[in-house]
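A.B. asks: Pasting the relevant annotations from Swiss-Prot:
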BINDING   ARG46  O2 binding site
BINDING   HIS50, GLU56, HIS95  Fe cation binding site
BINDING   GLU56, ARG99, GLU109  substrate binding site
BINDING   CYS124, CYS129, CYS165, CYS168  divalent metal cation binding site
Amino acid sequence: MLPPININKWIEENKSLLQPPVGAKLLYTDIDSTFVVMIVGGPNQRTDYHVNETDEFFYQFKGDMILKIVDKDGSFRDINIREGETFILPGNTPHSPQRYRDTIGLVIEKKRSSENIDKLLWFCDNKDCRKLLFSRSFHVDDLDLGKQLTPIINEFYGNEENRTCKHCNHISQKPTVNDYIQ
């Protein structure tokens, strides 16, 4: 059993690791647990929507964030999670965490079984369209989710065909860090 971790000290010592595009680092790496505990820093550069079959717990440690979601009825909405607030996201809810510069959050997810499949989805960013552009399913086989997301994010942005909407012909562009600064 590991000793307790001083989160403030851990953040100070590991701040340089909380970098775009995902900015997530595991808080615990040497334990066999049911949970994956991550510290996530901003800004991020994500426009994807992640789908995890299990619930996710968010605690906004420093600064505010926006959790963009797609409801069961297909409508898009934003959930504001302010500094000091927590939120539990139900499993199978497409979500896109939007973190701004100098923000830090804690995210707890259930460790995936061999049957659990995650997805990354991108929707047309033309607000009058919002059709699905691109998706990838994958099994989280490494506790470091950020390591697995980055190649898929790069695959999406690396090919204009992936970013071109077949319904309205809009081409989604890769965001810059400045797009996520308040």
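Each Cβ is built from the backbone N, Cα and C atoms, and glycine gets one as well.
Mind running through what each feature is packed against?
C.D. replies: Classification of ARG46 (O2 binding site) by DSSP places it in coil, neither helical nor stranded. Packing around ARG46 (O2 binding site) is summarised by its Cβ count: 22 other Cβ atoms lie within 10 angstroms of its Cβ, all protein chains included.
Residues within less than 8 Å, Cβ to Cβ, of GLU56 (Fe cation binding site) and separated from it by at least 6 positions along the same chain comprise ILE88, LEU89, GLY91, HIS95, VAL107, ILE108, GLU109. Following the DSSP three-state reduction, the secondary structure of GLU56 (Fe cation binding site) is strand.
In the three-state DSSP scheme, ARG99 (substrate binding site) is classed as strand.
In the three-state DSSP assignment, the secondary structure recorded for CYS124 (divalent metal cation binding site) is coil. Other Cβ atoms within 10 Å of the Cβ of CYS124 (divalent metal cation binding site) number 22 in total over all chains.
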A.B. asks: How big is the Cα-to-Cα gap, in Å, between ARG46 (O2 binding site) and CYS165 (divalent metal cation binding site)?
C.D. replies: 18
A.B. asks: Residues near the Fe cation site, HIS50, GLU56, HIS95 excluded, by Cβ within 8 Å of the Cβ center?
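C.D. replies: Near the Fe cation site, the remaining chain residues are TYR49, VAL51, ASN52, LEU67, LEU89, THR93, PRO94, SER96, PRO97.
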A.B. asks: Sorted by position, what residues of the same chain at least six away from CYS129 (divalent metal cation binding site) have a C-beta under 8 A from it?
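C.D. replies: In sequence order, the residues whose Cβ lies under 8 Å from that of CYS129 (divalent metal cation binding site) (at least 6 apart) are CYS165, HIS167, CYS168, HIS170.
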